[in-house]
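Chemist: Sending over a structure as structure tokens; questions will come in a sec.
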Amino acid sequence: MTHQTHAYHMVNPSPWPLTGALSALLLTSGLIMWFHYNSSTLMFMGLTTMLLTMYQWWRDIIREGTFQGHHTPVVQKGLRYGMILFILSEVFFFIGFFWAFYHSSLAPTPELGGCWPPTGIHPLNPLEVPLLNTSILLASGVSITWAHHSLMEGNRKQMIQALLITISLGLYFTILQAMEYYEASFTISDGVYGSTFFVATGFHGLHVIIGSTFLIVCLLRQLFYHFTSTHHFGFEAAAWYWHFVDVVWLFLYVSIYWWGSYFSSMISTTDFQSLSSGSNQ
């Protein structure tokens, strides 16, 4: 940095964008192979290369920002804009999933029995595990904010405690979601309901796992004194990402679990009973 005449970071050539793209291709292709041919070899190869890429890319960024001093205020401003655009792109992913769900549920076709949920589908009760998951993520949003304020106030002990609580809640959410998938009476291949349900909630679950990994890295960095009260964008980005995951879950809960499953099935049952009583009269 002593020989630079500008505040920007001229990044050295890095192989990680290429290896990340190739591992994403392997992971996606492996997922297709697993779904259609019950072969998980390619998927685990993609997952392994993805994890290795994440580790080494994260290592390089930490070295550049913490030990080499390349993350100047100007660079941090660019990183903030980049993180905002990344989260915005993720928002559009979920808009697509919600669009597919509402397109199918607001005007169900005759093939679905003209009702939503489709005939033969027994939706999950939103007042059981989904409601517990909602409270868990809301609590984790409070604890991550506590961690952020503790970091800005220089309270290292409370920051570590709050971060541990957030990570624990995130892992607990993932375990409950996996149990819910295992016990569900329908699968991803059960028509448009199963597809939209598992793709939307599964993609969100993947984001929870990624966010938990992000927070674990932040916890390790805090233990090694990488963050200060004025220089902690790595943690700030993780907190933004976690709040995004929280907000998306609220929309998922209200749309898919409550309105699209439980509430719609109650309306369909009431309509059916009223029609039956009318025909009997």
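Glycine is no exception: its Cβ is also placed from the backbone N, Cα and C atoms.
For reference, Swiss-Prot lists these features for the protein:
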{"type": "TOPO_DOM", "residues": "1-15", "note": "topological domain 'Mitochondrial matrix'"}
{"type": "TOPO_DOM", "residues": "35-40", "note": "topological domain 'Mitochondrial intermembrane'"}
{"type": "TOPO_DOM", "residues": "67-72", "note": "topological domain 'Mitochondrial matrix'"}
{"type": "TOPO_DOM", "residues": "106-128", "note": "topological domain 'Mitochondrial intermembrane'"}
{"type": "TOPO_DOM", "residues": "184-190", "note": "topological domain 'Mitochondrial intermembrane'"}
{"type": "TOPO_DOM", "residues": "224-232", "note": "topological domain 'Mitochondrial matrix'"}
{"type": "TOPO_DOM", "residues": "257-281", "note": "topological domain 'Mitochondrial intermembrane'"}
{"type": "TRANSMEM", "residues": "16-34", "note": "transmembrane segment"}
{"type": "TRANSMEM", "residues": "41-66", "note": "transmembrane segment"}
{"type": "TRANSMEM", "residues": "73-105", "note": "transmembrane segment"}
{"type": "TRANSMEM", "residues": "129-152", "note": "transmembrane segment"}
{"type": "TRANSMEM", "residues": "156-183", "note": "transmembrane segment"}
{"type": "TRANSMEM", "residues": "191-223", "note": "transmembrane segment"}
{"type": "TRANSMEM", "residues": "233-256", "note": "transmembrane segment"}
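Describe each of these features in terms of where it is and what it packs against.
Modeler: Counting residues 6+ beyond its ends, the topological domain 'Mitochondrial matrix' (67-72) has Cβ neighbours under 8 Å at 1, 7-9, 79, 231, 233 in the same chain.
Here the topological domain 'Mitochondrial intermembrane' (184-190) has long-range neighbours at 121-122, 124, 197-199, meaning same-chain residues at least 6 beyond its ends whose C-beta is under 8 angstroms from one of its own.
Long-range Cβ contacts of the topological domain 'Mitochondrial matrix' (224-232) within its own chain (Cβ-Cβ under 8 Å, at least 6 residues beyond either end) map to 62, 66, 71, 151-154, 218.
Nonlocal intrachain contacts for the transmembrane segment (41-66), taken as residues 6+ away from its ends with a CB within less than 8 angstroms of a stretch CB, comprise 9, 11, 14, 16, 19-20, 22-31, 33-34, 213, 217, 221, 226, 233-234.
When Cβ-Cβ distances below 8 Å are used as the criterion, the transmembrane segment (129-152) is approached by residues 158-159, 162-163, 165-166, 169-170, 172-173, 176-177, 179-180, 215, 222, 227, 229, 232, 235-236, 239, 242-243, 245-246, 249-250, 253, 257 of the same chain, each at least six residues removed from its ends.
If one looks beyond the transmembrane segment (191-223) by at least 6 residues along the same chain, the residues whose Cβ comes under 8 Å of a Cβ in the stretch are 54, 58, 62, 66, 90, 93-94, 97-98, 100-101, 104, 112, 116-118, 121, 144, 151, 156, 159-160, 163-164, 166-167, 170-171, 173-174, 177, 181, 234-235, 237-238, 241-242, 244-245, 248-249, 252, 256.
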